[in-house]
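**Student:** Once you've had a glance at the structure underneath, I'll fire off some questions.
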Amino acid sequence: MRVLFVCLGNICRSPTAEGVFRQQLEAAGLSERVEVDSCGIAAWHVGKAPDPRTHEAAMRRGVDLGNLRARQLAADDFNRFDYLLAMDQANLAALHEQRPAGCRAHVGLFLDFAGHAGREVPDPYYGGEQGFEEVLDLVDAASRGLIEEIRQRLEAQPS
């Protein structure tokens, strides 16, 4: 199973989702069965580490994002990943625009897995510290829901 988190620049929301989700996969004993990555729709920050405020907020919760580097969405991501999860409606629209015909991946909003259908993870880039904390709270809740769905899918697969 493969999961890709997508935001605009891949320096705030999607790396946070990647880091939190990895940590929860480890705790759930699923890290060997699920591949995780993140990317941005835009190429502005390719090769850069997450925003320092993102990294600091994550570290306060024991999530290390230090080894992550931004990358841009690639055409083959649609065939490589089972889930492409956008942080907001604009990212979701961009994914649908680029989605090739016949793509079988689930393309949707990440917060749908937290029971918040249609709700967005707000971009904290231009705000204060509280915005980064809110992102962590939302991502934590959605990660739990996604792990439950993936666990059910993995259990349903023949060995």
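Heads up, the Cβ atoms here are built off N, Cα and C, so glycines get one too.
TrEMBL labels come from automatic prediction, so no person has curated them.
When I checked TrEMBL for this same protein, it listed these features:
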- 1-149: domain 'Phosphotyrosine protein phosphatase I' (DOMAIN)
- Cys7: active site, nucleophile (ACT_SITE)
- Arg13: active site, nucleophile (ACT_SITE)
- Asp123: active site, proton donor (ACT_SITE)
**Student:** Can you tell me how far the Cα of Cys7 (active site, nucleophile) sits from the Cα of Arg13 (active site, nucleophile), in Å?
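**Tutor:** Checking the Cα atoms of Cys7 (active site, nucleophile) and Arg13 (active site, nucleophile) gives a distance of 6 Å.
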**Student:** From the DSSP assignment alone, can you count helix, strand and coil residues within the domain 'Phosphotyrosine protein phosphatase I' (1-149)?
**Tutor:** 65 helix, 21 strand, 63 coil
**Student:** What average pLDDT is reported by the model for the domain 'Phosphotyrosine protein phosphatase I' (1-149)?
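**Tutor:** Mean per-residue confidence for the domain 'Phosphotyrosine protein phosphatase I' (1-149): 97 out of 100.
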**Student:** Sort out for me which one of Cys7, Arg13, Asp123 has the most neighbouring CB atoms within 10 A, since those are the active-site residues we care about.
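**Tutor:** When each Cβ's neighbours within 10 Å are tallied, Arg13 leads.
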**Student:** Roughly how many Å separate the Cα of the residue listed as 'active site, proton donor' from that of Arg13 (active site, nucleophile), to the nearest whole number?
**Tutor:** 7
